[in-house]
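Below you'll find the structure, written out as structure tokens, and then a few comments.
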Amino acid sequence: MRLPSRQQVLKMLATFSLALGLFAAKVQAHGGVIGYSWDGTWYEGWHPYNTPVGQTSIERPWATFDPIMDATASTVGCNNDGNPGPNQLTATVAAGTAITAYWNQVWPHPYGPMTTYLGKCPGSSCDGVNTNSLKWFKIDEAGLLSGTVGKGVWGSGKMIDQNNSWTTTIPSTVPSGAYMIRFETIALHSLPAQIYPECAQLTITGGGNRAPTSSELVSFPGGYSNSDPGLTVNLYTQEAMTDTTYIVPGPPLYGSGGNGGSPTTTPHTTTPITTSPPPTSTPGTIPQYGQCGGIGWTGGTGCVAPYQCKVINDYYSQCL
């Protein structure tokens, strides 16, 4: 029997790895932004699996933890149809303030970019405004931070390291007014790329006078296409193991003077936290993949045999 060539082996491995990524995408939980904080205040996000009756939030409603896998979908703006919630709130934030968004779980996808956009509403409030009608500009991005496309450190990996949170500073030059802020993570571990956007309603005060240029503005849908290089990259090819460049999808960063697809990244800091001791591995009733510990966790810590409670980060331990 003739042995396969090296090229054939590499191709088979790439195909197998991609298949594993596709399988993992189906069995792993996904999620979205479930809260925001700045200046010491917590703003509760939308809870997509709770009844909408009585929910009040600065975040626009969204219905599912599932990813958006069509970059031109009508929901790609804010993971919804663009409409506000029944009891929509607005939060006030000063230009120059750092806003932190928090995801619902230990994020399972460390390979992909993080982006943050602002979209200015036409009046004094975003109440009643459909977000699909807005023009958006990007104020933050972090793509491939170091290493290679196939084995490097990505913005989403840094988000995970920051306790599943991402902090973006509102530029001090942004004009005051009513805005939507859009936090987004894109997962590249399988194709099509998985897009996870959520939006919240703001009033920005104390701003500047630098409006975004026309080249910095995009619509959603419309800002991405399914053929964008930043959405079609294959992490499992031989080239990906040596390639050190990645083009973040979307327009150029606000104020950068670029032409879009910039690899520019923004430094981010992590808020110090108090760590909790590792949970015990006493046999119990928590099933595989269940939570068994973490800061603020008041449930059980014992996993069913043969699984053990493993620390994922300070806020989350899991039966594995």
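The backbone N, Cα and C atoms fix where each Cβ goes, and this holds for glycine too.
Predicted, not measured: the structure shown is a model, and the values here were computed from it.
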Record Swiss-Prot, residue C78, disulfide partner from C199, C292, C303: C199
Rounded inter-Cα distance in Å - H109 (Cu(2+) binding site), Q194 (O2 binding site): 10
Surrounding CB atoms that lie within 10 Å of the CB of Q194 (O2 binding site), all protein chains: 20
Spatial separation of N163 (N-linked glycosylation site) from Y196 (Cu(2+) binding site) - C-alpha basis, Å: 17
